[in-house]
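Notes follow once the structure below has been shown.
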């Protein structure tokens with residue numbers, strides 16, 4: 001991050017394992033943070049304990065207390081493993097970060113991600129932090145285990161199984177993601193800045209949770225400054241060319257692209273060969289539009305309106321989360337009922353199926 005990000009982080013961050021009084025303070029970031037060596041920073045993340053949301057007990061642990069069940073992916077800064085906590089039998093995700101592979105810029109991102117997860121303990125639809133240790137030259141960050149990302153799930157459904165995700169499923173994903181993003185904005189005063197299908201995770205129960213907070217931006221009077229963050233294909237027009245500050249509406253655009261992709265099974269733009277092509281398409285061209293009868297499939301008017309409004313090109317007319325929550329499409333699926341239970345059942349089945357049948361969809 002640029003210097004402005006570093007200052008925002010230092011001014012706003014006090015890293016603690018959680019807000020619970022039973023967990024010790026592990027790190028305070030202050031004006032001297034930049035001078036800390038990489039290993040010292042990572043060591044200071046260590047809690048030495050595991051605390052699960054549904055268990056009041058605090059478990060002291062080391063790497064010997066965890067059974068490695070294999071790598072499940074690569075995240076920011078390290079490899080993610082599926083592990084079993086031997087004392088409880090609980091399955092968790094463990095991100096192992098090599099000290100000698102991380103510099104100052106990556107430290108800032110790591111601290112930001114860790115801080116966001118810790119502070120989001122009570123937040124809806126956000127992956128949970130359980131604890132951390134320093135072992136064998138690595139920092140082991142223990143988190144809630146999810147089964148698969150929406151990126152892999154929807155591609156298997158559409159491209160391999162030649163099927164679709166029904167509108168109830170899209171509605172459930174929409175509500176969970178909007179609620180998570182709104183929590184980040186209202187409670188933590190940050191925007192995600194990297195909303196995309198691969199950062200939306202699903203488990204076998206149909207739970208949907210947001211992850212990857214390494215580039216979250218601190219808001220100053222509801223606006224963020226830096227423009228060097230986020231996945232390029234999902235960036236809002238104002239983040240590609242403008243040097244102006246931006247706000248949560250840039251994440252709303254990314255949400256619109258994401259939901260379009262999940263609902264239709266395809267990315268709304270043709271592949272770009274250069275940044276110039278992207279600028280010509282996203283900044284100078286018309287925004288994507290979902291039609292009620294696109295691809296010989298009928299989409300409801302509430303869904304069409306929700307996605308197309310997220311993709312309003314002029315940021316000034318693009319809604320924020322409170323407005324999105326007033327839309328019929330959100331309100332329909334924000335209320336528990338048989339449609340939501342069926343959506344969760346379908347998502348859970350597809351999540352386990354995709355996890356058990358990995359396919360490389362790249363290209």
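Note: Cβ is positioned from N, Cα and C throughout, glycine not excepted.
The region 'Disordered' annotation in Swiss-Prot covers 1-38.
According to Swiss-Prot, the domain 'Protein kinase' annotation covers 66-330.
Contacts of residue 74 (ATP binding site) defined by a Cβ separation under 8 A and a same-chain sequence distance of 6+ are given as 80, in order along the sequence. According to Swiss-Prot, the ATP binding site annotation covers 72, 73, 74, 75, 76, 77, 78, 79, 80, 95, on the basis of sequence analysis.
Residue 194 (active site, proton acceptor) carries neither a helix nor a strand DSSP state and counts as coil. The feature active site, proton acceptor is assigned by Swiss-Prot to 194.
Per-residue pLDDT, averaged across the domain 'Protein kinase' (66-330), gives 85.
Distance from the CA of residue 194 (active site, proton acceptor) to the CA of residue 72 (ATP binding site) is 21 Å. Counting Cβ atoms from all protein chains shown, residue 78 (ATP binding site) has 19 others lying within 10 Å of its own Cβ.
Cβ neighbour count for residue 72 (ATP binding site) (all protein chains, 10 Å cutoff from its Cβ): 19.
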